[in-house]
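K.L.:
Before I ask anything, here is the structure I am working with.
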Amino acid sequence: MSSVKIECIGTDRYRLGESPVWDEKENSLLYVDITGRKVCRWDAGSGQVQAVSVDAPVSSVALRKSGDYVITLGTRFAALKWKEQLVTTIAQVDRDKAKNRFNDGKIDPAGRYFAGTMAEEIRPAVLEPRQGSLYMLCPDHSVVKHFDQVDISNGLDWSLDHKTFFYIDSLSYSVDAFDYDLQTGKIGNRRSIYKVEKEENIPDGMCIDTEGKLWVACYNGGRVIRLDPETGKRIQTVKLPVDKTTSCCFGGKDYSEMYVTSASDGMDRERLSQQPQAGGVFKITGLGVKGIPPYPFAG
């Protein structure tokens, strides 16, 4: 795979980069800096990054059918008007858990916003266990709780036929699958399809390609891995120049580029000097596969 090329886009370094998503209309990559409390947009044409600062940890961003974006902010689902830099709350969860926050989130093929929560970290990946839940924000702004007892709610995506929902609770070190009902958003029959190997470390964000294979960013593993959900086998590993790879998505004109976010939180000065690109956003070309456009929130 000598044709694979990895480059760091832009000079900005983030504390906890996450949730990359391609905005075709703007020819831009959206992503967040969770602990830096920023929603960012990198313009592929100009290479410029714009950012909107928010008042709480912002853990995911997604497109909205009616324009602009939706985000998960603290324990709120919220709408973000980009030009006005205006955030309005849509719904709140985990009101009884003052120390919780949302983590990863993504829109399903029917336009619902799936996102899960977790306890505040004492330090990266160290936290009170089983405090999180997985939620679904429906287009009518009602919220459904799918399950609780989650450690770190993370990567999520849907199979190409929309019959399977893939999900990662990071500290289970497993990529799981559920039967999925697109009409209702109901999930069931949870099973593990891949157990992460030791050197891969912690499974984090995830996306799917047009061949139905999953790509998982491995936090502290410095790589993204490609998995076959049918066989449960890893079929490719792409190593990056930073350890704390957090999430991935496809983008670019024909969705043949992969974008990978990373983090620098929890790294001491020595490690940062060894990995000057920690917290950067990376573009990978030459993978030979494409992704699918992200779904927008229908509400």
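Numbering starts at 1 and runs along the chain as displayed.
Glycine residues also receive a Cβ, built from the backbone N, Cα and C atoms like all the rest.
Straight out of TrEMBL:
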type	residues	note
ACT_SITE	Asp204	active site, proton donor/acceptor
BINDING	Glu18, Asn154, Asp204	divalent metal cation binding site
BINDING	Arg101, Asn103, Glu121	substrate binding site
DOMAIN	16-264	domain 'SMP-30/Gluconolactonase/LRE-like region'
K.L.:
Can you give me the Cα-Cα distance between Arg101 (substrate binding site) and Glu18 (divalent metal cation binding site) in Å, rounded to a whole number?
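P.N.:
Roughly 14 Å, rounded to the nearest whole number.
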K.L.:
Would you kindly give the Cα-Cα distance separating Glu18 (divalent metal cation binding site) and Asp204 (active site, proton donor/acceptor), rounded to the nearest Å?
P.N.:
10
K.L.:
Taking the Cα atoms as reference points, how far is Glu121 (substrate binding site) from Glu18 (divalent metal cation binding site) in Å?
P.N.:
16
K.L.:
Could you please provide the mean pLDDT value for the domain 'SMP-30/Gluconolactonase/LRE-like region' (16-264)?
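P.N.:
Result for the domain 'SMP-30/Gluconolactonase/LRE-like region' (16-264): average pLDDT 97.
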K.L.:
Roughly how many Å lie between the Cα atoms of Asn154 (divalent metal cation binding site) and Asn103 (substrate binding site), rounded to a whole value?
P.N.:
6
K.L.:
Measuring Cα to Cα, how far is Glu18 (divalent metal cation binding site) from Asn103 (substrate binding site) in Å?
P.N.:
9
